[in-house]
Ligand code: ADP
Ligand code: ZN
Ligand code: ZN
């Protein structure tokens, strides 16, 4: 009889299950931790990762192991995942209150689960063959660095991996070139070195990939740079993942999911636009890829560079310089205030909408400014963070509104396909010919979305000509116009080629893009964002507007040739608001200082730590009952950390009902991050137990969000 070894396996168990973290199986040989295996689970066979190191002197427990189900097989040809990767996954699971198996499986390309052993073997063979393609080994063509870039690159080289860097550099200051140099230095110094470069949005990866390929392919071969994001097909993701895992890829570019890539030689991590909310996963395991990048950098002794023109207040605070009273933050702050080529930041113009004709979407001076740009052949960008034609349809006779029957939200009017669509649950209907409630045929759109803005601009600019006498061309980029594969790339290419004069768009086009011929950016209704109850609303709006402004006037030579100036226009009914005055002087540090002071006074992050517990049920009472019971259970059990954690009472969420599910949440706050962690860790099993009790049967789900971005 062959000896059997018990082995702990991480695998994906039914969603968020209470069954511990790992399952034990029996193996015929000792398997190295990190080995990918197939194991039986119920009637299925699933992918798993060997987790724990069997103790060296552990004899095969023939008796105990016989009771265990044997593993079905090992994924041949794939080296075990590195220890550092397992530690990262274990940390993320513990910190964000999820199971190891869930995080581990989500971090692996889906095809590892789906392919048969034969299919997988074929893929591995193909990957090996591709790896043989020789690298070109030509020296890359380098641009001369600006003085600021030079200095920052030197500071990073000198600081090595001791502590994370926050590269605070204006939009257009050439942060990407700094990343390229730091990656270059690491790769040149060590033939096994790898770099991870993250961007917040998929639509920023093609541009970045082009720059990295251009720089590194001549020297390290075309396969040296790979991407990783959710827009890729299964085979593409598997290919990138294998290339990173085998060390064949030297640079991985990707969105938040890339933070979990297996990178045995990882030495540099870049998080570009580190303030961006997209780094926080908003479903399933709610992790922050930026925060995990910091953790991973420390654990793997890799250099971490966070970059932004408008850093998150967390990172800004963490990089504060030392003073007499304060030893300073954990990060090192580096500053690049100037734009490349001495381009100036756009002049900010505030239009007081209380002094403008009522109902005008475009105030006369803004319209005149856009018109002038078109006539000079320059481009304008009009930003409105709301897609569709109008956020709601309304009947003036009976006050009917286009409410979603399944959510506590309006259905948005989309004129293009004459539909009403709920942006929360997706429920879609034809626009009714008359008021469904009283029959009034005149139902009216209330408020504006990008679709309406585009229509309005086409009308307003219909007699305006470009220098070549062609009529003005208006286009729109938002989630609706870019649904088809390749649509976004095509629209962005048109913008870069100058085929569009005025581009209307959502935040999608406000970030990151290196447009060269935009000289005017306008935010037409930014005030909406300030009505939110979220304490981060001002921070978020400031970032968005700063980023949007950063799309204008990026090419000093072009501005000079045109004899033009870059401008950022803001239409507001509250021109005195702190967000706008800070924007006018491009004074992020002053804005951050003022906001951080308020947060310190109010005991808000980054001076306190938070977690949200959410409960979903068919009724609000059921949802809240679970949270109340959870509170009570914590108090009765006298959980560790309870003294230092403040539990706020459960309340309905802002959008209380989505897809017929009532949602409630409860905020937890502590001045001590570890105390909050201890508490959550001890609390989790109680929540699982409660969930199983008959009186909480109506509960649909519960979940924990650690370091939530929105409350
Ligand atoms: P950021 O990411 O800071 O907004 P980018 O890295 O996109 O800025 O750089 C802005 C523009 O300046 C890009 O077109 C880039 O190619 C160019 N650039 C960057 N560094 C240099 C340099 N040292 N010399 C000339 N052009 C540069
Ligand atoms: Zn009506
Ligand atoms: Zn809905």
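Note: Cβ is positioned from N, Cα and C throughout, glycine not excepted.
For reference, TrEMBL has these:
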- 156-329: domain 'Helicase ATP-binding' (DOMAIN)
- 395, 398, 435, 438: Zn(2+) 1 binding site (BINDING)
- 404, 407, 422, 425: Zn(2+) 2 binding site (BINDING)
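Checking the binding-site residues 404, 407, 422 for a CB within less than 6 Å of any atom of ligand 2 leaves no residue at all.
Taken in sequence order, the binding-site residues 404, 407, 422, 435 that lie near ligand 3, meaning a CB under 6 Å from one of its atoms, are 404, 407, 422.
If you take every residue in the domain 'Helicase ATP-binding' (156-329) and average the pLDDT, you get 94. Among the listed binding-site residues, namely 407, 425, 438, the Cβ with the most fellow Cβ atoms inside 10 Å is that of 407. Residue 404 (Zn(2+) 2 binding site) counts 23 other C-beta atoms within 10 Å of its own C-beta, drawing on all protein chains shown. When the binding-site residues 404, 407, 422, 425 are compared by Cα distance to residue 438 (Zn(2+) 1 binding site), the shortest distance belongs to 404. Within 8 Å of the centroid of the Cβ atoms of 395, 398, 435, 438, where the record puts Zn(2+) 1, the same chain has further Cβ atoms from 396, 397, 399, 400, 436, 437, 439, 440, 443.
Residue environment of residue 435 (Zn(2+) 1 binding site) contains 19 other Cβ atoms, counted within 10 Å of its Cβ in all protein chains. Scoring each of the binding-site residues (398, 422) by how many neighbouring Cβ atoms lie within 10 Å, the top position goes to 422. Recorded residues residue 398 (Zn(2+) 1 binding site) and residue 407 (Zn(2+) 2 binding site) have their alpha carbons 21 Å apart, per Cα-Cα distance. Each residue in 405, 406, 409, 411, 423, 424, 426, 427, 658, 659 lies on the same chain as 404, 407, 422, 425 and has a C-beta within 8 Å of the C-beta centroid of that Zn(2+) 2 site, without being one of the site residues.
The two recorded residues, residue 407 (Zn(2+) 2 binding site) and residue 395 (Zn(2+) 1 binding site), show a Cα separation of 20 Å.
Within 10 Å of the Cβ of residue 395 (Zn(2+) 1 binding site) there are 21 other Cβ atoms, across all protein chains.
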